[in-house]
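S.K.: Annotations per TrEMBL:
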| type | residues | note |
| --- | --- | --- |
| REPEAT | 244-278 | repeat 'PPR' |
| REPEAT | 279-313 | repeat 'PPR' |
| REPEAT | 349-383 | repeat 'PPR' |
| REPEAT | 384-418 | repeat 'PPR' |
| REPEAT | 419-453 | repeat 'PPR' |
| REPEAT | 454-488 | repeat 'PPR' |
| REPEAT | 524-558 | repeat 'PPR' |
| REPEAT | 559-593 | repeat 'PPR' |
| REPEAT | 629-663 | repeat 'PPR' |
| REPEAT | 664-698 | repeat 'PPR' |
| REPEAT | 699-733 | repeat 'PPR' |
| REPEAT | 734-768 | repeat 'PPR' |
Amino acid sequence: MLNHIHQWTRPLKRFPLKSLTLTTPLSSLTLTKPSASASASASASASAADTDPADTYDPAASLEILKCLKSKDLYSSSLCLKTFVDRLNSVQVDEVIGDLGVEDPELAIELFYLLKNEHGFRHSRVCSFVVAHVLAGKRRLMELRSFLRELVEQEGSGSAPSLCELLGNRFRVWESNGLVWDMFAFVYSRSEMVHDALFVLAKMKDLNIRASILTYNSLLFNLRHTNIMLDVYEEIKASGAPQSEYTTSILVDGLCRQSLFQEAVAFHQETERKGSMPSVASFNTLISRFCEVGYIDVAKSFFCMMFKYGLLPDAYSYNILIHGLCVVGSMEEALEFMDDMENHGVEPDVVTYNILAKGFHLLGMMCGAWEIIRHMLHKGLNLEIVIYTILMCGHCQTGDIEKVFELREEMLSQGFQLNDICYSVLLSSLCKKGRISEALSLLHEMESIGLKPDLVTYSILIHGLCKQGEVQHAIQLYNKMHSKRVFPNSFTHGAILWGLSEKGTLSEARTFFDVLTKSGLIKDIVLYNIMIYRYAKLGKIGEAVQLYKQIFESRITPSIVTFNSLIYGFCKSRKLAEARTWLDTISTHGLVPTAVTYTTLMNALCEEGNIRGMLEVLSEMETRAIKPTNVTYTVVVKGLCKQHRLQESLHLLDSMHAKGISPDEFTYNTIIHCFCKAQDMRKAFQLHSEMLLHNLQPGPVTYNVLINGLCVNRDLTEADRYFSFLQDQNIRLTKPAYTTLIKAHCAKGDASKADALFRQMVEKGFEISIRDYSAMINRLSRRKLTPNVKVFLRMMLSDGISLDQEICLVILNAFRGVGDLNSEFELLAVTIKHGLFPD
């Protein structure tokens, strides 16, 4: 060692990595535990080959370095090396560590890390492989794996050929060489550099070095999506490496992932025929993959087969199958398997309960989710944040926002910190209820505890603000989002655009749309569809068509929604011939019209009274196998009723039921209204009963139509009786039900009954406006019921509703008509005082 240090010269320029490994003849590194003298001689030769003759060497300094190293005092060595490290070159360090690797392996490792960590020295590949062999020789395998992984990640993908050349040429006769090769292939595989790993394996085969099953398993795992996996498996069999349970499991998993299910089962059976006992891991793989593709019955068969082989399924086995059953909605069977799990001594874990709770939540069965949670608590298991999140989502879907916030408080009391998902659920709940200010406060709370709102969070709030008409506030939040470098997507832009077009002005929306277009932020048809629909709704069909042309200039493909909006716009503008042309255009773009497309055109034809044309479109729709919806049939019913073809409308109603299409309330209301107009109240009430028979609860509109029908048909007594019956049944009636009866009693001259109904309406909490009072006073005035007029006038003023000129003139004329001059002059004075008397 001393001789080597005396031969060092002053540092040379560092060789490039490739030059060092190919040209530096470090023969001492290719010997199996060579003698110190042989190592010194080889290192001297290598150093001499790389030494610049102009360089000089300080023997005293070298002796001092060696003395420091041999003292094994790393602190002293570090101070010593700090003085001379700038004079060391890579070749000299390779020689020293190479010799130490033979004479004092521990010191070699320590010097390697000392130079690297303390002095920032960049070691060569050769030096790294010396240390790797030393670690392998000492069976420090975890350290060896970490060391080689760092080397491989530093060298990067495609580095295997040059590293293999160095390893094969310089280290072939080292005793630990086979272990280094094997670990080398393993770390390439674990680093997902599969091609490099395969290259290393090929070289190992040439050198008759056998890879371990751990290395083969790692490669199999990375290649399980490809057919190369089978080639690697054949190599395993040829090598004679003992296979593990994990090997079989990986192969079965890979075959299933490649949709080779029959081959996977055949391989599983072949393993059995060869006398190898199938493993729980292999069965779990089959059960998992068959559950993923929805073959639950096959998965259950494999599950039961485990017992046949005397294998006891573990918690993972049960959880896989329970999850598969939950996904297909078989919750009852999933619960049975949880019971079976307990019967076989396998305790359900938190994962089991999470799976079941999520399954009930996805089916909207929150009672079932709560039952699972109670079971958990009974078992002494603590609720996890996953369970709380599932419950919050479930209550959010059902609109029970108070329960959502109760869960939030419970989570905080249990020491849980709410995550982004929980806050998103809370924000969504508040926005759905229109409680935007509370949602914004929650956003501030989220930021105050260090959580960063993401795109989902901001989008929920922006959408909620736009829905409430607070578009400017939404734009402020949109700008804040940008400043936080959270970039909006099509959904966010769509919310702003919808808000501007719905709550703002169309010109503002168009300005925003044009800015997005010029910025290249419109990547799909969604935003175009919003603008086209808004133009169509306002009857600005020319602007809508212009935007449609712009779509093609932007190389964006229109959707069926685009054409539906254009057809709607032409129908609204009563340009039905053009609408029909657009219907024919749809197929040229490879699109298929929907029920909405045809129904829109049919409704326009119905409004025009062109019932024949409407029925022709219906026939075309059915010919093209496009199934009409209940809205489609409602349009047809409305058209038939317009032509008083009531029996045909009833037949159509029966046809809907026969086709499994449930008429909705609007469909029935349309027919009921027509029978009321036709003075056939008996049939109208029969249809009402039919609604109940089909589990369709009539709404306020249905009751208003029936009450109005009775009043129009001069059956006021029956209308009162029916109104009282509905009240006794606690059926919610709307304001028109009251005003219809009030109007009818006023027309009949029954002021006391009208007054009683009006007071009931006030007591029910309906908002009473000056229009309601004006209508009542007008009717009473026409009947010259002035005492009742005075009563309503006092009620109106006590409610804080001011007089207007029209109502004053009506009352004055009523007083004059009955000769009530005192009341006339008194009201006239009030009228003049408030400036309501006409000039």
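Including glycine, each Cβ sits where the backbone N, Cα and C put it.
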S.K.: Sequence-remote contacts (6 or more beyond its ends) of the repeat 'PPR' (734-768), Cβ cut-off under 8 Å?
M.R.: 700, 703-704, 707-708, 711, 716, 719-720, 723, 726, 775-776, 779-780, 783, 785, 788, 791-792, 799, 801
S.K.: Express the predicted model's confidence over the repeat 'PPR' (629-663) as a mean pLDDT, rounded to an integer.
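M.R.: Its mean pLDDT is 88.
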S.K.: According to DSSP, how is the repeat 'PPR' (559-593) divided among helix, strand and coil residues?
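M.R.: The counts are 27 helix, 0 strand, 8 coil.
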S.K.: Would you mind listing the long-range same-chain contacts of the repeat 'PPR' (349-383), meaning Cβ under 8 Å and 6+ residues beyond its ends?
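M.R.: Residues 315, 318-319, 322-323, 325-327, 329, 331, 334-335, 338, 341, 390-391, 393-395, 397-398, 414 contact the repeat 'PPR' (349-383) from elsewhere in the chain.
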S.K.: Which residues of the same chain, at least 6 past either end of the repeat 'PPR' (279-313), have a Cβ under 8 Å from a Cβ in it?
M.R.: 245-246, 248-249, 252-253, 256-257, 261, 264-265, 268, 271, 320-321, 323-325, 327-328, 330, 344-346
S.K.: What does the DSSP secondary structure composition of the repeat 'PPR' (279-313) look like, as residue counts for helix, strand and coil?
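M.R.: DSSP classes over the repeat 'PPR' (279-313) add up to 26 helix, 0 strand, 9 coil.
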